[in-house]
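A.B. asks: My questions all concern the structure below.
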């Protein structure tokens, strides 16, 4: 590689040359060096004056700005933003990304159609399917179809709610109104489309998006219930059933249970979360939700690191950072994986090393390959921190560096072997090497899972091993260590990106998010984060329509 991908960011962040070994502290103007902190101070004064209770005051506690309050370049973009703008509370795009996942459920029409034809003796045709879809798109946002005197939601408040379908049968898809169809042929490259259609076959699946405002007011588990209620009512209306007849129970079962795919599984009671909450989203599902693989299919690094960014934000910033810990500092761990092109630089190095020595997906799936590739990439990453002190200051936390170096090592190993388990083994080896070199990895407890994880990479036992694609945030030992889960999701994606696979874990999930009507663009995750940081992203679920005009 010629120029380091992170050099431009370092030059923008610091006055000194990236190679300079000395700098100054305490003379930088404190929080006033930051436009965003200054804005916060002024806003805090206004809030305090209005409510009569003191609010934001950065002079309380540890003084801010003793060192450079550096901007961050969102990787793959030319956008530099302040760190505060990458906190999910301050970033509408990040909020919408999670909203669009949480409010989605996939529901089959196959069982329902069998009930209609076999129990009720009625015919199901493309025309009746289109009529049903017209009905359910009226009902899903919160409108009535079979009852009188029902209150309804304002269409403008729930404009993001709709239902589409997809099928692997081109003839059926062509007969349904295209407004309601996710066109696999249009959305995916030809080879990916053929694979996905073969997986789906003649089945017809609904992709339901309930209103953002509903999932925000309630929770993820509401999604399937809201969906099932409107689907049931729409079936009764579209196929002219009597609401109380026995077949209605079959429709309810199909819509609520039989053919329902949640984006996240139910969590144990000690975590107290239902379906479609972050802790239940498997790494392989998150990789399929991210859509980079259908537009950047010739660049496995880009594809894998877009998944890392998706997971770093969801798992680290929202799940561990707020659901689980209630803190604010977790953003700093997550941003290390998707800013300043550092992880990109390390991973492109690894990909080129693999290509030159083995060829993508051509290396033996052995520990010798793990030892070779993961060691090479780890040493490269550690050398960059030694050579460029500004890089060390950029990622000032040991856990940031450990996550980034290990992610590059894991993805690169997966590129070589076309196997996520060997990629995971490369991650753990990188952690051991890093600790040998620097004597520590991160804050106390950061490396808990890294000290014991290697023992269950290749053993698939009850609570001690799963293919990485099937693991998730609630996997044993993964549950409370920041700076891991997004990277694991990226390593899940890496072998599939190197092979050019159409999906990672579930083809239905991959297709469901290949949808141009989604508010968040899952083909360009990091670009959307940048738009959110610049306050240029327009989210759904806003309440301005029902609040006083200002």
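A Cβ is built for glycine as well, from the same backbone N, Cα and C atoms used for every other residue.
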A.B. asks: Given that Swiss-Prot assigns 256, 257, 270 to the coenzyme B site, pick the one from 225, 302 that the record assigns to that site as well.
C.D. replies: 225
A.B. asks: Based on the record's binding annotation for coenzyme B (225, 256, 257, 270), what whole-number value in Å is the widest Cα to Cα distance?
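C.D. replies: Taking every pair among 225, 256, 257, 270, the longest Cα gap is 24 Å.
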A.B. asks: Taking 147, 400 as the recorded positions to compare, which has the smallest set of other Cβ atoms within 10 Å?
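C.D. replies: Sparsest of the recorded positions 147, 400 by Cβ contacts within 10 Å: 147.
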A.B. asks: In whole Å, how far does the CA atom of residue 270 (coenzyme B binding site) lie from that of residue 445 (1-thioglycine)?
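C.D. replies: So the alpha carbons of residue 270 (coenzyme B binding site) and residue 445 (1-thioglycine) sit roughly 21 Å from each other.
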A.B. asks: Most Cβ neighbours within 10 Å: which of the recorded positions 270, 271 is it?
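C.D. replies: Of the recorded positions 270, 271, the highest Cβ count within 10 Å belongs to 271.
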